[in-house]
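As written in Swiss-Prot, here are the features:
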| type | residues | note |
| --- | --- | --- |
| ACT_SITE | 151 | active site, nucleophile |
| BINDING | 12, 13, 34, 79, 315 | NAD(+) binding site |
| BINDING | 150, 151, 152, 181, 210, 211, 233 | D-glyceraldehyde 3-phosphate binding site |
| SITE | 178 | site 'Activates thiol group during catalysis' |
């Protein structure tokens with residue numbers, strides 16, 4: 001059964017979600033809404049991408065439509081989601097990638113406009129969060145508004161799940177070394193809630209807060225209250241890396257941890273969790289569709305119960321792939 005989809009917000013995630021969705025036979029993207037992007041500009045932004053390269057296909061625009069490989073996708077420019085004619089256009093599922101409507105109250109506007117389900121492509125304070133490969137099978141059809149959590153939670157959760165299932169986690173601290181995102185500044189500018197966040201993105205390492213580690217406790221209740229973390233924003237355009245330092249319940253060796261991660265990556269979490277023992281750097285993971293790639297050569301064990309683990313993720317492309325995976329799962333369960 002084909003899922004009829006609308007995308008609200010045509011930024012980094014919205015455009016990559018569309019690229020990925022177009023490759024799936026059971027997804028039909030009908031419309032896009034972005035108050036700041038007209039159809040001609042949407043075509044340009046979709047066609048050319050400084051990070052992931054030029055779109056391999058034809059991209060044009062005709063009037064109010066974005067035309068990709070001959071397929072017409074209507075472009076709306078409504079500021080208020082309640083005014084987007086999702087119902088009239090036959091859209092059942094909305095992917096909200098604005099970063100603005102992240103609560104149930106905000107996302108409800110899409111339902112009011114005729115959509116049946118909304119997936120928020122950001123963490124949410126009150127909508128249930130799902131991470132593919134970790135807790136997505138707990139989704140039930142009565143849930144109309146849900147969150148795909150954050151890119152960092154999608155990297156950390158599969159890693160933490162495997163470690164906790166095998167050795168048990170007493171407690172842990174996470175640091176994500178995170179690439180620049182659109183909210184940062186090209187030169188020093190005002191940022192009243194986060195003063196450091198207002199400093200030049202391309203010339204600084206910027207400590208920042210993140211709820212990604214605590215959010216793991218929402219998708220893995222066994223780890224609630226056991227993980228927290230922070231972020232270091234660094235001057236790279238894409239690909240980030242999680243550094244997870246944990247106290248384990250069960251003593252082990254680093255070699256055994258690597259074997260456990262490799263087994264999980266080749267088994268139940270294939271395509272979501274990856275494994276590498278090569279001398280890789282961040283750019284080697286550009287446009288990698290996996291949520292998390294465990295780096296066997298980067299971690300270190302101090303004692304049999306105290307270990308630092310490292311896992312890479314394309315915070316744009318890997319995350320966008322999971323958004324589409326979650327959409328497919330929701331559509332299948334809801335059919």
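Cβ atoms are placed via backbone N, Cα and C, with glycine included.
Sorted by the number of other CB atoms within 10 A, the recorded positions 13, 151 start with 13, the lowest. DSSP assigns residue 34 (NAD(+) binding site) to coil in the three-state reduction, placing it in neither a helix nor a strand.
The Cα of residue 79 (NAD(+) binding site) lies closest to that of 181, out of the recorded positions 151, 178, 181, 211. Comparing the residue listed as 'active site, nucleophile' with residue 315 (NAD(+) binding site), their Cα atoms are 5 Å apart once rounded. When the binding-site residues 150, 152, 210, 211, 233 are screened for a Cα within 10 A of the Cα of residue 315 (NAD(+) binding site), the ones that qualify are 150, 152. Put simply, the two farthest-apart Cα atoms among 12, 13, 34, 79, 315, the recorded binders of NAD(+), are 27 Å from each other. Within 10 Å of its Cβ, the residue among the recorded positions 12, 79, 178, 233 with the fewest other Cβ atoms is 79. Secondary structure at residue 152 (D-glyceraldehyde 3-phosphate binding site), as computed by DSSP, is helix. Between the CA atoms of residue 34 (NAD(+) binding site) and residue 181 (D-glyceraldehyde 3-phosphate binding site) there is a gap of 19 Å.
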